[in-house]
There are 2 protein chains.
Amino acid sequence: MPIVDMLWSGWGDPERAERLPAAVTGLLRELLGVHAEPAPPVKLAEIEPPTARPVAGILAEVVGEEQVRTDAESRIRHTRGKSTPDLLRLRAGDASTAPDAVVLPGSHEEVAEVLSRCAAHRIAVVPFGGGTSVVGGLTPEAGDFTGVIALDLRRLDRLVSVDTISRTATLQTGMRAPRAEELLNEQGYTLGHFPQSFEWASIGGFAAARSAGQASAGYGRFDEMVLGLTLATPRGTIEAGRSPRSAAGPDLRQLVLGSEGAFGVITDVTVRIRPLPETHAYEGWLFPSLSEGVTAVRALAQDGPLPTVLRLSDETETMIGLARPAELGAHQGGGGCLAVCGYDGTAAEVAERQAKVRAVLESLGGVHQGEEPGRSWLHGRFAAPYLRDGLLDVGVFVDTLETAGFWSNLSRLYDAVRLTLAHELSSSVVMCHVSHVYPSGASLYFTVVTAQGEDPVERWRRAKAAVSDAIIEAGGTISHHHGVGVDHRDWFAREAGSLGVEALRAVKDRLDPDGIMNPGVLLPRS
Amino acid sequence: MPIVDMLWSGWGDPERAERLPAAVTGLLRELLGVHAEPAPPVKLAEIEPPTARPVAGILAEVVGEEQVRTDAESRIRHTRGKSTPDLLRLRAGDASTAPDAVVLPGSHEEVAEVLSRCAAHRIAVVPFGGGTSVVGGLTPEAGDFTGVIALDLRRLDRLVSVDTISRTATLQTGMRAPRAEELLNEQGYTLGHFPQSFEWASIGGFAAARSAGQASAGYGRFDEMVLGLTLATPRGTIEAGRSPRSAAGPDLRQLVLGSEGAFGVITDVTVRIRPLPETHAYEGWLFPSLSEGVTAVRALAQDGPLPTVLRLSDETETMIGLARPAELGAHQGGGGCLAVCGYDGTAAEVAERQAKVRAVLESLGGVHQGEEPGRSWLHGRFAAPYLRDGLLDVGVFVDTLETAGFWSNLSRLYDAVRLTLAHELSSSVVMCHVSHVYPSGASLYFTVVTAQGEDPVERWRRAKAAVSDAIIEAGGTISHHHGVGVDHRDWFAREAGSLGVEALRAVKDRLDPDGIMNPGVLLPRS
């Protein structure tokens, strides 16, 4: 299946770009004092990446000439990821960090050989799946290398095997998530992994960055689904995962998951699969306040039963209607906090679970809102990044950030983020939802909207640094599911502590002694 | 609470040692051709450990003189663990690997300082919790060090805090499991972790060796319960775990869990706790064959509902009645495979779950056996190691081994182990049960009984090597919950692969550059 290229300057399928509804423009004027001013991107053809350094020939010997791209468009399409600063830089025509070449290996062996050659020639390697990183995971610090390549894994797109007895599947990691889902669906199975990036992200990206999907309450996080993996490193291959769980030493799978290309390239994963659910049900619940809503979702997380999807918006997000991005502006007004619950399963099991959830939520102050808010969320679940492009076009800045913590610390974390953003960004709207729940805690996902103003990238850099400080100081993790990349590296170092970072650095030094793998991502350059 | 010392030459409370029932002696005569011949241990007072090297003074400066023991009995009580070869050696009076001193630190800071001093003086350190390792986890290869200490953590026995909102507790790691359970029970909570070693094992041992308890189907493995931990290493401290889950790099908790003292000493853990269940229910099920029983427990693991306890004995174990060790010999006879199901929860929830399990198991050929086999299992759940002492006394050799694999590979693993043992050990009985289940696979727990004969340690060493080869060749893990220690190290290296071992070695070299931490355990000496 050929892969559609994502909009180079923004998100998603260019055919599906939409104009902002008038209601949104009105809302922004009211809330932010932004007057919609066009801020369109430059033309792709006008961007000139730096002169490519001569790395292509060395790697064409491994993958074939037709699998090494050095044209400007290919290089620009592999420049940075999809964070708002990434987009703003590219929209302004800045392709200064473009790779010298895009290399498309066709097998694990070719990946391994590319890494070996790159180590020998001191060429930095940026593993590239769907290109959807929002944390600078595709922005290496590689000025002192002889070149930089984007290692685009799209040709590693096979469903290698399905084990219906063990309910596992082995997938190559360049496969995009919708294709994986399609192939598994054909055999009656689902992965059940639907992050907001689903339509574009790759299986390898999910693994390398510890992705968590919208149905994590039912299907778990991606790092919990991975039962086996193969990692190509400049010094050889690691294969891990002979059994679901083991006491044979530290879990090597968990050392590779989250390594973000800094140790090597994950070339295949074996993941848990589940039978396609017979039915899906969705519903909305309204709580008088965030604190009552949190108490209710905590009750489900700790004592059950858990819906398959569970998210709870705060008052602001509920008011603005961001839980239903495809219909933004149509539902604003009204107080309280909207929760969306989704259920996958057999008809009987879903009905039973839904009834039990209803009893819990009603006893804790929830008011059933019927199916509509749930279906509306479902319809718009992948739409928010499209909306961002529309906002950027009219001079509005929008970005997201997220953290997680234990239940007893959650309101402190929530307040710390909101107070810091309010202090740093005058005239902004900050919305939040509880996006993933666990028995001991939950994640908080924030959306920040403000006017672009002068130098929005620098303004956001300062605000993001302050809010990252606040997260660490309030005891949260610097990322629940976006990852570390370059953007979160300094705060990850505080979270892991100097000896924790040293331990990971030791692993990197052993697997990648020349430091070619995604330099500066996850760990500082040594 | 003072800690009762375990029987030095065997298992458990010396007051509770029991004679073998006549039925067992008869059974052994019939099955193994063993004629019960007394093979009692030497007297403790007759054992002479090697002359202690002078390490005590250096460490008394840190922990105080009264917390450094160099008397023969203390040293013998910290010699090796509780595997059958460990016991046979000690019963024969061999204390050649006794530590030079037993050191009892009282705080994380004292542990850290002891490690620092030991590194400076090249003294090997063996972290010692409950002393229940059955894989050589307490048997360092430390001949070239200036001394060896057992670092007995029993004074690190505080319940540091309970967070009832997040349902977590922070425990020091020298605390024994029954005490932890008692303190949590007082506050209305349980850890739900009941491995066979429960009565003697420590919280730190559970973490360091990735323990899995008998109620893992309901409460999870210990490595899944750990949300935070503190590791003292010779080069400083690592603290990990700010949130239930995170995408901030590889999970450092999972790098420490399973490290078996080779990276440092885990001084506290924060673990998930649950409300004490209102009720417990137990029941037995009989299946015509192991294959039908496996299909049935797989159905529960994959489609639910899961009992809290779920174990399935093979035909031999069912015939001999080892699922009920306290009543061994009373239930033999009859064919088929016995499964034990246990349920913790509210009365209503247990009744509902039990009814659903019944429907699944009956549809798959299970015949309900009532409560008795379940209650009988419960009564004897910690008794098997006592039974071993009784068998050793009469000249019978008994040991256990375990592995895990994916469901589609489970019968291959089962056959490989049984065929190898049958080939290696003439006149033996091999029993097995499925001890832990996951959606994608399960663990197999084998008990081997044979006559001691001449040089039982060497005979078993050869058989164990052959069966370990067979496990690795059949695609299983070398240990599902016992760990690696010294005994499984060579097979762990095959499982992890040379680059996997190098990655862990790199971590060890960075955290423990002098190699003093449990040398030879987990990783080969460098």
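The backbone N, Cα and C atoms fix where each Cβ goes, glycine too.
Keep in mind it's a predicted model, so treat the numbers as computed, not measured.
According to DSSP, A:Tyr445 (active site, proton donor/acceptor) sits within a strand segment. Sequence-distant contacts of A:Tyr445 (active site, proton donor/acceptor), defined as residues of its own chain at least six apart whose C-beta falls under 8 angstroms from its C-beta, comprise A:Thr400, A:Glu402, A:Cys432, A:His433, A:Val434, A:Ser435, A:His480. Look at TrEMBL and you will find A:Tyr445 tagged as active site, proton donor/acceptor.
Counting only same-chain residues at least 6 apart in sequence, those with a Cβ under 8 Å from the Cβ of A:Gly129 (FAD binding site) are A:Leu153, A:Thr173, A:Gly174, A:Ala201, A:Ser202, A:Ile203, A:Gly204, A:Gly205, A:Ala208. Residues or ranges marked as FAD binding site in TrEMBL: A:Pro127, A:Phe128, A:Gly129, A:Gly130, A:Gly131, A:Thr132, A:Ser133, A:Glu260, A:Gly261, A:Ala262, A:Phe263, A:Gly264, A:Val265, A:Ile266.
According to TrEMBL, the substrate binding site annotation covers A:Arg388. Spatially close to A:Arg388 (substrate binding site) yet at least six residues away along the chain are A:Gly10, A:Trp11, A:Thr84, A:Leu87, A:Val398, judged by Cβ distances under 8 angstroms.
Within 10 Å of the C-beta atom of A:Arg311 (site 'Important for enzyme activity') sit 24 other C-beta atoms, taking all shown protein chains into account. According to TrEMBL, the feature site 'Important for enzyme activity' maps to A:Arg311.
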Inter-residue Cα distance where the pair is A:Arg311 (site 'Important for enzyme activity') and A:Gly131 (FAD binding site), in Å: 26
Alpha-carbon spacing, A:Ser133 (FAD binding site) to A:Arg311 (site 'Important for enzyme activity'), which is rounded to whole Å: 22
A:Arg311 (site 'Important for enzyme activity') and A:Gly261 (FAD binding site), distance between Cα atoms, whole Å: 30
Cα-to-Cα gap, A:Phe263 (FAD binding site) vs A:Arg311 (site 'Important for enzyme activity'), nearest whole Å: 34
Pairwise Cα distance for A:Pro127 (FAD binding site)/A:Arg311 (site 'Important for enzyme activity') [Å, integer]: 32
CB contacts for A:Ser133 (FAD binding site) [other CB atoms within 10 A, all chains]: 30
For A:Gly261 (FAD binding site), the number of other Cβ atoms found within 10 Å of its own Cβ: 28
Three-class DSSP secondary structure - A:Arg388 (substrate binding site): helix
DSSP-derived structure type at A:Ser133 (FAD binding site), helix or strand or else coil: coil
